[in-house]
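Worksheet: the structure to be examined is printed underneath.
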Amino acid sequence: MTDRLVLVINSGSSSLKFQLVDPDSGASRATGTVEQIGEPSSEVADHDAALRRAFDMLADDGIDLKDCGLVAVGHRVVHGGKRFHRPTLLDDEVIAELQELSPLAPLHNPPALQGIEVARKLLPDVPHIAVFDTAFFHHLPPAAAIYAIDRELAETWDIRRYGFHGTSHEYVSGQAAAFVGRPLDEVNQIVLHLGNGASASAVVGGRPVETSMGLTPLEGLVMGTRSGDIDAGVYSYLFRTAKMGVEEIESMLNKRSGVLGLAGERDFRRLREMIQSGDAAAKLAYDVFIHRLRKYIGAYLAVLGHTDVISFTAGIGEHDVAVRRDALAGLGELGIELDDERNATGSGERRISRDDSPITVLVVPTNEELAIARDCVSLL
Ligand code: ADP
């Protein structure tokens, strides 16, 4: 059989990530990022220029997209709203509906739509498919999905907890069940996706029952630049008293908060160096991050009642030994016994709990591009 390949595009406001994936073998053929889109000093003026640059990078790798077995282009779309919860073939009608969803995800969906528009123009002969970050959480139980606010208002404006990073939570929970050698539908698990964006989920038999992100990806854990959970009263207080506008507040909470807001640095490798050199703000930021994470782990253990597996994934979850240790330290009474040696060594998918730990703790590298590519071919 000749190879079939899927080009996966993750188009953000200032960066465009791409990966050419073989959905059958799972191999990545090429990958790259075009950064600083639209920034004043940048040569990449817009998403059109960014995608052309991505194609040039692929050509430099000897890949001709017109003649490499490309069967689909998969687009990561952050918000699918109420309507989209399956991989969806992008046509003019679907794109128009996605545009209507932009108010729900003003920071995320518009750049994805720009990426879709130029990709369809440049590669008109292959199907383009949207895969939604919210999809996995579409069937969250009502008790977990509903905010306790005026019901009619919530219904009128589609306000509920949607959840994000769904592609990663679904992929990692599948991998984790396979790793422990049990059918997915028998495993109760917690997935901790800790990257620049961070989210937790509780999954029963392959179906999510809780997740930390809400209407937008702002809710939940402390993140690189987002506050995570915050009293909604802060919004009105800043609006009324500090005379900040809605956009200013939104931008502050999403782009200048979290670890960056507390320590002036969002990258956990740098944050670690700062802590080691005695930076008190960096230490406090780390402590706030860990405290929130532990609070969520405790909450999800209670939501699940019985937990079989906890998995760490994404940049911090896969690589930061201290975060994993501090997140789970002293939880022996709750059934969690980390093995310090295992936690500090090894790479790739692995067990980091002791063999006698009632709850198995794993590191499971996420692979959202592969999951998106597989979603795409499942639709073809
Ligand atoms: P995203 O995909 O959300 O942009 P990633 O999953 O790539 O983010 O995670 C980025 C985070 O992971 C950064 O804070 C980075 O410092 C952290 N990270 C990556 N590698 C390591 C490492 N070896 N040790 C500690 N943290 C790491």
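Note that Cβ sites are derived from N, Cα and C of the backbone, with glycine treated the same way.
Record features (TrEMBL):
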| type | residues | note |
| --- | --- | --- |
| BINDING | Asn10, Glu368 | Mg(2+) binding site |
| BINDING | Lys17, His193, Leu194, Gly195, Asn196, Gly197, Asp267, Phe268, Arg269, Gly315, Ile316, Gly317, Glu318, His319 | ATP binding site |
| BINDING | Arg76 | substrate binding site |
| ACT_SITE | Asp133 | active site, proton donor/acceptor |
| SITE | His165 | site 'Transition state stabilizer' |
| SITE | Arg226 | site 'Transition state stabilizer' |
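The structure, with features from TrEMBL marked on it.
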residue: Asn10; record: Mg(2+) binding site; Cβ contacts under 8 Å, 6 or more apart: Leu16, Lys17, Phe18, His75, Arg76, Glu368, Glu369
residue: Asp133; record: active site, proton donor/acceptor; Cβ contacts under 8 Å, 6 or more apart: Arg76, Val77, Val78, His79, Gly80, Phe164, His165, Gly166, Thr167
residue: Leu194; record: ATP binding site; Cβ contacts under 8 Å, 6 or more apart: Leu221, Leu293, Phe312, Thr313, Ala314, Gly315, Ile316, Gly317, Asp320, Val323
residue: Asn196; record: ATP binding site; Cβ contacts under 8 Å, 6 or more apart: Met223, Gly224, Thr225, Arg266, Gly315
residue: Arg226; record: site 'Transition state stabilizer'; Cβ contacts under 8 Å, 6 or more apart: Gly197, Pro217, Leu218, Leu253, Asn254, Lys255, Ser257, Gly258
residue: Asp267; record: ATP binding site; Cβ contacts under 8 Å, 6 or more apart: Gly224
residue: Arg269; record: ATP binding site; Cβ contacts under 8 Å, 6 or more apart: none
residue: Glu318; record: ATP binding site; Cβ contacts under 8 Å, 6 or more apart: Phe312, Val363, Pro365, Thr366
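In the vicinity of ligand 1, defined as a Cβ distance under 6 Å, the following of the recorded positions Asp133, Asn196, Ile316, Glu318 are placed: Asn196, Ile316. Burial estimate for the recorded positions (Arg76, His165, Glu368): highest at His165, by number of other CB atoms within 10 Å. Taken over all pairs of the listed ATP-binding residues (Lys17, His193, Leu194, Gly195, Asn196, Gly197, Asp267, Phe268, Arg269, Gly315, Ile316, Gly317, Glu318, His319), the Cα spread reaches a maximum of 22 Å, rounded to the nearest whole number. In the three-state DSSP scheme, Glu318 (ATP binding site) is classed as helix. Within 10 Å of the Cβ of Ile316 (ATP binding site) there are 25 other Cβ atoms, across all protein chains. Using a 10 Å Cβ-Cβ cutoff, Lys17 (ATP binding site) registers 19 neighbours.
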